[in-house]
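Straight from TrEMBL, the features:
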| type | residues | note |
| --- | --- | --- |
| DOMAIN | B:7-414 | domain 'TRAP C4-dicarboxylate transport system permease DctM subunit' |
| TRANSMEM | B:6-32 | transmembrane segment |
| TRANSMEM | B:53-74 | transmembrane segment |
| TRANSMEM | B:94-122 | transmembrane segment |
| TRANSMEM | B:134-160 | transmembrane segment |
| TRANSMEM | B:166-190 | transmembrane segment |
| TRANSMEM | B:211-233 | transmembrane segment |
| TRANSMEM | B:239-258 | transmembrane segment |
| TRANSMEM | B:270-293 | transmembrane segment |
| TRANSMEM | B:313-342 | transmembrane segment |
| TRANSMEM | B:354-380 | transmembrane segment |
| TRANSMEM | B:400-423 | transmembrane segment |
Amino acid sequence: MKKFYLLYQTLIDGLAIFGTAVVLVVGGLQVWFRYMTDASLIWSEEVMRYVMLWLVMICAGRAYSARQFLGMRGLVELLPRPAVRAIDLASGVVTIVFLGVIAYYGADFAWRTRLQTASTLNVSLFWIHLAICVGPILLAVHVLVEEVLGFKLTPPSEETSS
Amino acid sequence: MSWLAGFFVVTLLAGMPIAFVLGVSALGYFYFTDQTQFLLVLPQRMVAGMDHFVLLAIPLFVLAGNIMDVGGLTRRLVGAANSVVGRFRGGLSLTAIWGAFLFGGVSGSAAADAAALGTVLVPDMKRQGYDVDYSAALIAVSSLMAPLVPPSIAMIIYGALSGTSISQLFIAGIVPGVLLACVLSIYAVWTAHRHGYPRTEALPLRRILRGFGEAAPILLLPVIIVGGIRGGIFTATEAAAIAAIYALLVSGLVYRALNWTFLRQAFVSTALITSAIYVLVAVANILAFIFAIERVPQMVVETLTTITDNPVLILLMVNLILLVLGMFLDTIGVLILTVPALTAIGQTLGLDPVHLGVMVIFNVLIGFVTPPVGLCLFIISAVTGRPVEKVSIRALPMLGLALCVLLLITFVPQVVLAVPNLIGGAH
Amino acid sequence: DPVSLRLGHAVFEAHPNHDTAARFKEAVERISGGDVTIDIYPARQLGDVKELMEGVQFGTVDMTVNSATALATLEPSINAFQLPGVIPDYAGFAELAVSDEARAIMDTLDKHGMIALGLYDGGQRHFLTVGEPVEEFAQMKGKKTRVPPAKLFVDIWQAVGVNPTPMNYGEVYSALETSTLDAVEINLTSIESEKFYEVAGGVTLTGHYFWPSFLLINKARFDGLTEEQQAAIREAANEIVEPQVMAVAELDETVKANLADREIPVIEPSASFMEDFNAAVAPVIESYSQDPLIADFVAAASASGAQ
Ligand code: NA
Ligand code: NA
């Protein structure tokens, strides 16, 4: 199980590095081509936007476990330990319901927009909008494991990476 | 609306992450008001919220900051600032303020500023006999300068939401940033005299020049950013990509401080921070839809203008509403929820959009250091290991000073607009 | 039962598309005797162009006045309305907007769950330059020109020979001011509302195409209304076409007068300029006319004595 999680984490990190690098390089090329040549890039904006959309959705669950989603913890933490656990459990369940609704309607949304094509890339928007189904599912799995099942997925050393 | 408010308060108090607080509240609202036909709007609005070109500035500026951090930039900036202001009583606290100012010229976010400077400076200040809570509070409040001095993620988002020129906003933030730094400096010197905080030895000019020489490649960045935008080479959003590429080149080629482990850490951390911000932006965009169908912006404008037609009072109330929202929500959340109403108010009062923008941003920045949800307070308390409440209390007088600067820029638009008018020629 | 419909659009209230919405509201409420009422949500309150179009498709927004080109990714024949030089002038626009050929193209949206009630205008487009205004066709060559990021516009402007540069609309003003861009193709009312005159070196009245918009309604919503309500909506949508289009023409004259007051040169291109321009874009029109619906519309436009 632990091995599987490490594999998953390595994969997500790899995609994170790749996606960020693509946005960086394409952003640089966009400036270069417009300023230095007579042929501005037409597709660069759209590529950056869509890569970023997929990137943040793929990383959302991992970001949750890296404690990047902040809340107002002051009051809750004053309560005794078991009460905190119960509240977090309830919050977790409600959150998973929300994410489930987004994933379900996200799939519906992606399907209903399949006939639209991106304006400069020859891609159906289905493939772009699918991200809003995948991201919430990954997030829900992380919330399930951490708040409902009670496992902490990220070593404390990584918690203050911001 | 009462369903929305009810869910919001309960989930917020329960300590749920803000992004989920907003999402669950929206879902509860649609379900209990029998508007489930709108559930399909939820993913659509989320995608629309995230699919903005200007938002790409977030990962790119965060990346630039991360690379510079692992590249040893913060130390050099602090060294440069200290070589000038260290000689005065309470010198290290002045270094914190002006280090934050310089760092703000590189970083687009107050959070990055607080984390970087807190790590570097608080241990030094403690060693010199500074009160740790005071040091932490000072750095937290100083970090507010990062989004005022260009580049600024908050300004990019405001510009995107309201259609205000981002490059004009960038330039307009400089004077309020300097003002905040000056006011904090006076307070720091006064505190230092009261508590007998030490000064460091005065350095000879040669050493000062050397310190600035070492930091020069970094200090050049804001010049490159503003110069590149004004010179027509890149747009304000694209400046983020240039900043990140420049950071890579400087850290790698000039300081030779990059290796694979550092880079990997910088890139992954960038993706994770950005991911959390994007999810928040996405969910806040659902709330914006609810506010639109409930006609909240119109209600706010009507209510305000019924209470009074005195523009001064209206502006004061706007400030108050923003400050209260800023206590509970983070910058981007506040901006997405309020910008429609604010632009309407601005049009009613005939305010300059750039002036309004800087005023709004200053307001939401203050939210970074107000409990219960103050991002910079959280970060600085995590970095220093001090309780949030203790740091908050020491931050109160400085917050009061920041509020004075806010009032000044609210009622004297020329403080904000003089520089953009001088450089830009427009407006 | 009386029915109330939500109409969202993506522009500020000074824009011709808002005028379309306001005229439709007035007309339908009058014709139906208050049986059909319209709530207008301006300025992207219910979403931007793409979300509004999807919203009408899904039924989460009842109606919208939305840029026609945004729907061309669903139905390519819609590109007919923006082929350069095909619609000659505002009067011709008003006439062609209610033609059978235009109706045939609009009806393709039925299968996407939307009804296009009518075709209106957002303003004829011209060529604004930061430097000296363009007086000869050859001067357009290589100018970094902001064009909306869609295949049709890229095809047209590459054929003209400018350097088509997509850019976020919100950044265009700064980009013109700092000469990141050399030019923008834009309608006259936007020059006024976006204050582009502050950074303009001149405007050449190329009038290359119009900026048509549809008044759209969700099909299921429409089919669920009574026959009287449907008739009132149809009648109102038709009635406002000509006055709306001609009102834009009038607005353009006001803007031209304002530009003259500000001493910004406004150039009427010579006949040879437009001949060169049309020759350059002819292959684009030809290639898009492979779509029979587009070919029919182009034929109807030239038959109406247009070209
Ligand atoms: Na900054
Ligand atoms: Na706060």
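Even glycines carry a Cβ here, placed using N, Cα and C.
Contact check: the transmembrane segment (B:211-233) against the transmembrane segment (B:94-122) gives at least three Cβ pairs closer than 8 Å, residues 6 or more apart, which meets the contact criterion.
Of the candidate ranges B:6-32, B:53-74, B:94-122, B:239-258, B:270-293, B:270-293 contributes the most Cβ pairs within a distance under 8 Å of the transmembrane segment (B:313-342). Contact count against the transmembrane segment (B:239-258) (Cβ pairs under 8 Å) is highest for B:53-74, out of B:53-74, B:166-190, B:270-293. For the transmembrane segment (B:53-74), the list of distant contacts is 99, 103, 106-109, 112, 116-117, 119-120, 151, 153, 156-157, 159-160, 166, 218, 236-237, 239-241, 243-244, 246-248, 250-252, 255, 257-258, 262-263, 265-267, 269-271, 273-274, 277-278, 281: same-chain residues at least six beyond its ends, Cβ to Cβ under 8 Å. Here the transmembrane segment (B:400-423) touches the transmembrane segment (B:166-190). Their Cβ atoms form 3 or more pairs under 8 Å, with each pair 6 or more residues apart. Within the chain carrying the transmembrane segment (B:94-122), a Cβ under 8 angstroms from the stretch's Cβ atoms is held by residues 57-58, 61-62, 64-66, 68-69, 73-75, 77-78, 80-82, 84-86, 88, 132, 135-136, 138-140, 142-154, 156, 177-178, 181, 184-185, 188-189, 215, 218-219, 221-222, 240, 243, 365, 368, 375-376, 379-380, 383-384, all 6 or more beyond its ends. Beyond the transmembrane segment (B:270-293), the same-chain residues lying 6 or more positions past its ends with a Cβ under 8 Å from any Cβ of the stretch are 4, 18-20, 22-23, 25-26, 29, 38, 41-42, 45-50, 55, 58-59, 62-63, 66, 157, 330, 332-333, 336-337, 340. Regional average pLDDT for the domain 'TRAP C4-dicarboxylate transport system permease DctM subunit' (B:7-414) in the model is 86.
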